[in-house]
Amino acid sequence: MEFIPAQTYYNRRYQPRPWTQRPTIQVIRPKPRRSRPAGQLAQLISAVSRLALRTVPQKPRRTRKTKKQKQVKQEQQSTRNQKKKAPKQKQTQKKKRPGRRERMCMKIENDCIFEVKHEGKITGYACLVGDKVMKPAHVKGTIDNADLAKLAFKRSSKYDLECAQIPVHMKSDASKFTHEKPEGYYNWHHGAVQYSGGRFTIPTGAGKPGDSGRPIFDNKGRVVAIVLGGANEGTRTALSVVTWNKDIVTKITPEGSVEWSLALPVMCLLANTTFPCSQPPCAPCCYEKKPEETLRMLEDNVMQPGYYQLLDSALACSQHRQRRNARENFNVYKVTRPYLAHCPDCGEGHSCHSPIALERIRSEATDGTLKIQVSLQIGIKTDDSHDWTKLRYMDSHTPVDADRSGLFVRTSAPCTITGTMGHFILARCPKGETLTVGFVDSRRISHTCMHPFHHEPPLIGREKFHSRPQHGKELPCSTYVHTTAATTEEIEVHMPPDTPDYTLMTQQAGNVKITVDGQTVRYKCKCDGSNEGLITTDKVINNCKVDQCHTAVTNHKKWQYNSPLTPRNSEQGDRKGKIHIPFPLVNTTCRVPKARNPTITYGKNRVTLLLYPDHPTLLSYRSMGRIPDYHEEWITSKKEISITVPAEGLEVTWGNNDPYKYWPQLSTNGTAHGHPHEIILYYYELYPTTTIAVLAAASIVVASLVSLSLGMCICARRRCITPYELTPGATIPFLLGVLCCVKTAKAASYYEAATYLWNEQQPLFWLQLLIPLSAAIVACNCLKLLPCCCKTLTFLAVMSIGARTVSAYEHATVIPNTVGVPYKTLVSRPGYSPMVLEMELQSVTLEPTLFLDYITCEYKTITPSPYVKCCGTAECKAKNLPDYNCKVFTGVYPFMWGGAYCFCDAENTQLSEAHVEKSESCKTEFASAYRAHTASVSAKLRVFYQGNNITVSAYANGDHAVTVKDAKFVIGPLSSAWSPFDNKIVVYKGEVYNMDYPPFGAGRPGQFGDIQSRTPDSKDVYANTQLILQRPAAGAIHVPYSQAPSGFKYWLKEKGASLQHTAPFGCQIATNPVRAVNCAVGNIPVSIDIPDAAFTRVTDAPSVTDMSCEVASCTHSSDFGGAAVVKYTASKKGKCAVHSLTNAVTIREPNVDVEGTAQLQIAFSTALASAEFKVQICSTQVHCSATCHPPKDHIVNYPSPHTTLGVQDISTTAMSWVQKITGGVGLVVAIAALILIIVLCVSFSRH
């Protein structure tokens, strides 16, 4: 990066530059060789000692006393003498000896900074740092050095900096820079600079414009920052600086910073002569003395950058600068006046020319405040003085005062007026469909004006509340700030048109008398030829009638607002002025309520929320897996909601509270180490589908085997009894009859035999009942004695990305991309003791590369005052304005309050214009359309290495290496090139949306992008709002038009939930810059280069023998819910690494201290019901066996710290039951097969 200087410091400031022999050219330097640092230090100490030991003379004290005594006499002297004394006192106050820090900086700055001048004035400074010369980009002018002025500078608008390579012969003058900035005090030209909380601050007044480019030094004389400007924060001023953080240059810009380059005079124009805008040539050029000439001069310079300086100078009427106050903010209104304009509804259902006509209603503030523009002026009296309690309105041709207390605003109910100034009113109103403004004049007559206006206070946050709470949460919002100071917002004003007034004419016999009443009147009569002119005294028109004349009052001493409800001055044309308006829209924070915490009940893979909303509150939740499955619902009354918690986790947001996160535990009601029904219940609650499938398959297999056994027995029986059935008179042997259950002719039924035994021989009856029980006991004993008939069935494949063992110090491993879960890896190297590395992701940031296409916001339609051409035809001129429309309408006959505006009936034309501009709210309320490209991934990793926990940050690209002590770590790239951002995204107020927006220059009316601009402050604007001018209504002066509604406001209503709530994998979306944080997707490979010195040889490590492991308790799928006791004997005292060689078991302790014969307790975490794992301590391994029980908590608020298994394992108890059941069924099948084989063999032998 070009803005990072290299360290080419030769210590010239503290010791002489090393001497080098020049071959031929001898360079003679005019500067004397500086002394060594020790000499400088001695001089400084001696100077400080002399200052400390010097006695303070008493004479100045007497002088001060005499001055105080003379002040009483000076008060009695003339004002002329006082003016002469004042400059002398100021000069004596300026003479102040620099402090120690200032002297030190001046000494260091002697070589390394150079003045930047423009037209002989110092506008800032350039500084030599490292191998670069650096100058703030906003400082205009050239460096006051012949060699540096010729350099080609590279400019960075991002850092507001220009830099170039230092000439070789000047490198010795450069200062060293550093990125080390511990909190404390630093030095600059004006004294001490405090660095705290990442900000540089100074006492207010210590810095000023012209200090831009000055360096800030540490106590070693190294540059830590370069000053660009400052922001006044009361007693302290926060500095805007460019500084360095390791290898990265950064810019610190506090809010409200002002550039500290010396302001250059801005020039204005008057009669082809330029002059400084702050010093008009007519000395003094004062509005009170020459109002018309002053307004004309301002109109000529309305597009000049120094227009407002010229306006202030014309109104101040003084060459001396005065302190600004609230009254001065109202001073600009002395050049304007209120006016009468057309109102569609004056309160009784009819239109009129109202003194409180509504011009514009602004509702961009998200806190619900309305900004209303009307035709009267508030806070100004008719004598142009300021008075908060008054307002002035136009009554006929004359402004009249009224009390401000009579002003009111109303929608569906009365509104609360929160601020007034000039033409503007701030009000907080309830929702409604119309807006009415009105006032009561001095004669107690009420004037109102009503407009259709749909008002609904916007929603801030996720709760629909009605009043601000005392306690809550601060959310960003926007409001109209209550300040009357000059802002960047402005309105256009122009000369008022001639106002027709037929009451000035009276008919006297055959003549017309015009009574001017102290006004300037323009008249035109069509009798005995053309008779027209401009008069200031009464005039009589002979041989004429009133109907043949037209009179209008003209006034060019004041401006009025450029309203579409009043005509444009026909003589002035497009001439106009501008004035600042109050109450700008600013970003702020609003306090919103926080909903009551819900009552939470945890169930198996479910969470139940009992909600108590005080007002309509939004509930939303999403899964933190691949498919977010986002849901939201407005809750208006008490309600109980049950939500399923997926294995990946659940995020629930209730109102304005912070999100709640839940993860399910593998909890069940059964146990994996109990009876068959408990085991079945255990697995059924964990994995119902798999359990049902396995049980169904096992049942089918058992049923098949039993059926097979029965079939073989039936076949053997049939083989045995068939020969006897075919032989006449054959008798079946008793034993065969018993085995084959053959019923003899004399045998009774089982019921008859049982009845007989019960009646005659009860002991035999009980013996017969014991036969099946004896058979069952015999079968069980056979199963116990039967060797294992089948091998253990494996129902799952334990998959894990656990530890890997390598035999080299170049180690590579893969860790899951899950934040907050520790991961351990074992590094084994022949001849060395094993080393355990523990790594834990603190955060993972995915930041896409963005390209800003445009910003869009709300537009405003500019409709200047229409140009009415009386008795003629007007023509449109092409103008390069966004969505510009111009139309000429013929046959108009407009009226003003004093009568018809034109003398002609049908030959009049009206030229209507309209175009679109960005609204004033675009500086705060806008959406940015970005194209997103390849994303970079950075990770913050905690590494436990050599007994220390160290946190490092690195780019996870597989190339960027970071050093942890003496080991080198290379992280990435991610296994999955996934991003939550689409190719096109929209950013609005800290929220990000995936949206396929229209490209630049292709916006459609009423949709997102109907107005487009490159930046909020740029002048290039594209607009397509379907603006169509319409014919004005007969008799009224207005500019009607049709236009599509704002696409930006429509998008705000329909935009839906942002990526903050809908992104998969639990991503947290942030802005400035746009990034996704902690997306749990994929794996991250890590390559580790460990030096030989980090390993411990086996001969140096303690030897551990006689190890035994006993698990005291174990709860699987819990946060280190297992505890094992390992007994050992160590050869010597030392430290041993502890590691689990089983993938599915994680041990919390990375290493332990061993000594002699002792025991240690280790905590482990596993997802296995029966954990069989090996623990390695130093180079010795021991086998551990654990019987784990399910956790008691169904839901927890942290992710699992162990390896998650897709399917649970089979416990040893379950396997024992499987073996028994399988062996029993197998034995039955084997016996049946044996019987069948014997029967078949006997049968075949007889034949």
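Positions of Cβ are set from backbone N, Cα and C atoms, glycine also.
Counted within 10 Å of its Cβ, the other Cβ atoms near Cys112 (disulfide bond) come to 23, all protein chains included. Swiss-Prot lists Cys112-Cys127 (among others) with the feature disulfide bond.
Residues or ranges marked as disulfide bond by Swiss-Prot: Cys268-Cys277 (among others). Long-range C-beta contacts of Cys277 (disulfide bond), restricted to its own chain and to partners at least six residues apart, with a cutoff below 8 Å, comprise Pro265, Val266, Met267, Cys268, Asn301, Gln304, Gly306, Tyr307, Gln309, Leu310, Ser313. Cys277 (disulfide bond) carries neither a helix nor a strand DSSP state and counts as coil.
The Cβ of Cys346 (disulfide bond) lies under 8 Å from the Cβ of Cys352, Ser354, His447, Thr448, Cys449, Met450, each on the same chain and at least six residues away in sequence. According to Swiss-Prot, the disulfide bond annotation covers Cys346-Cys352 (among others).
A 10 Å cutoff on Cβ-Cβ distances gives Cys415 (disulfide bond) a total of 23 other Cβ atoms nearby, all chains included. Cys415 (disulfide bond) falls outside any helix or strand according to DSSP and counts as coil. Summarising the annotation, Swiss-Prot assigns disulfide bond to Cys415-Cys429 (among others).
Neighbour list (Cys590 (disulfide bond), Cβ cut-off 8 Å, at least 6 residues apart, same chain): Thr366, Asp367, Ile460, Arg468, Glu474, Leu475, Pro476, Cys477, Thr479. According to Swiss-Prot, the disulfide bond annotation covers Cys477-Cys590 (among others), on the basis of similarity to another entry.
Following the DSSP three-state reduction, the secondary structure of Cys527 (disulfide bond) is coil. The annotation disulfide bond is assigned in Swiss-Prot to Cys527-Cys544 (among others) on the grounds of similarity to another entry.
Within 10 Å of the C-beta of Cys720 (disulfide bond) we count 20 further C-beta atoms, all protein chains included. The disulfide bond annotation in Swiss-Prot covers Cys720-Cys741 (among others).
Under DSSP, Cys857 (disulfide bond) is assigned to a strand (E or B) in the three-state scheme. On its own chain, Cys857 (disulfide bond) has Lys918, Ser919, Ser921, Cys922, Glu925, Phe926, Ala927, Ile1011, Ser1013, Pro1016, Phe1048 as residues at least 6 apart in sequence with a Cβ closer than 8 Å to its own Cβ. The disulfide bond feature in Swiss-Prot is assigned to Cys857-Cys922 (among others).
The disulfide bond annotation in Swiss-Prot covers Cys1067-Cys1079 (among others). When secondary structure is read from DSSP and collapsed to three states, Cys1067 (disulfide bond) falls in the coil class. For Cys1067 (disulfide bond), the same-chain residues lying six or more positions away in sequence with a CB closer than 8 A to its CB are Leu846, Pro980, Leu1059, Ala1076, Val1077, Asn1078, Cys1079.
Annotation source Swiss-Prot lists disulfide bond at Cys1109-Cys1184 (among others), citing similarity to another entry. Sequence-distant neighbours of Cys1109 (disulfide bond) (same chain, six or more apart, CB under 8 Å from its CB) are Ala1124, Val1125, Val1126, Lys1127, Val1175, Val1182, His1183, Cys1184, Ser1185, listed in sequence order. According to its DSSP assignment, Cys1109 (disulfide bond) is in a strand.
According to Swiss-Prot, the disulfide bond annotation covers Cys1114-Cys1188 (among others), on the basis of similarity to another entry. According to DSSP, Cys1188 (disulfide bond) sits in a coil region rather than a helix or strand.
Over all protein chains present, the Cβ of Cys1178 (disulfide bond) has 25 other Cβ atoms lying within 10 Å. Positions annotated as disulfide bond by Swiss-Prot: Cys1136-Cys1178 (among others).
Summarising the annotation, Swiss-Prot assigns region 'Ribosome-binding' to 86-99.
Taking H, G and I as helix, E and B as strand and the rest as coil, DSSP gives the region 'Interaction with spike glycoprotein E2' (154-159) the counts 0 helix, 3 strand, 3 coil. Among the features that Swiss-Prot reports, region 'Interaction with spike glycoprotein E2' is placed at 154-159.
Among the features that Swiss-Prot reports, region 'Interaction with the capsid protein' is placed at 715-719, with the record citing similarity to another entry. Broken down with DSSP, the region 'Interaction with the capsid protein' (715-719) shows 5 helix, 0 strand, 0 coil.
Residues annotated as region 'E1 fusion peptide loop' in Swiss-Prot: 892-909. For the region 'E1 fusion peptide loop' (892-909), the list of distant contacts is 340, 353, 396, 497, 499-503, 524, 526, 550, 552-553, 566-567, 868-874, 1032, 1034-1037: same-chain residues at least six beyond its ends, Cβ to Cβ under 8 Å.
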Number of Cβ atoms other than its own within 10 Å, given for Cys1114 (disulfide bond): 23
Length of the line joining the Cα atoms of Cys1136 (disulfide bond) and Cys112 (disulfide bond), in Å: 56
Residue among disulfide-bonded residues Cys527, Cys544, Cys1178, Cys1188 with Cα closest to the Cα of Cys112 (disulfide bond): Cys1178
Cys477 (disulfide bond): tally of other CB atoms within 10 A of its CB: 20
Cys1178 (disulfide bond) and Cys720 (disulfide bond), distance between Cα atoms, whole Å: 71
By Cα-Cα distance, the member of disulfide-bonded residues Cys127, Cys429, Cys527, Cys544, Cys1178 nearest Cys1114 (disulfide bond): Cys1178
Cys1178 (disulfide bond) and Cys1188 (disulfide bond), distance between Cα atoms, whole Å: 26
Using Cα positions only, nearest of the disulfide-bonded residues to Cys127 (disulfide bond) (Cys415, Cys527, Cys544): Cys415
Cys1178 (disulfide bond) and Cys544 (disulfide bond), Cα-Cα, nearest whole angstrom: 123
Conformational class of Cys590 (disulfide bond) under the three-state DSSP mapping: strand
Lowest local Cβ density (other Cβ within 10 Å) among disulfide-bonded residues: Cys127, Cys527: Cys527
Fewest other C-beta atoms within 10 angstroms, as judged across Cys352, Cys922, which are the disulfide-bonded residues: Cys352
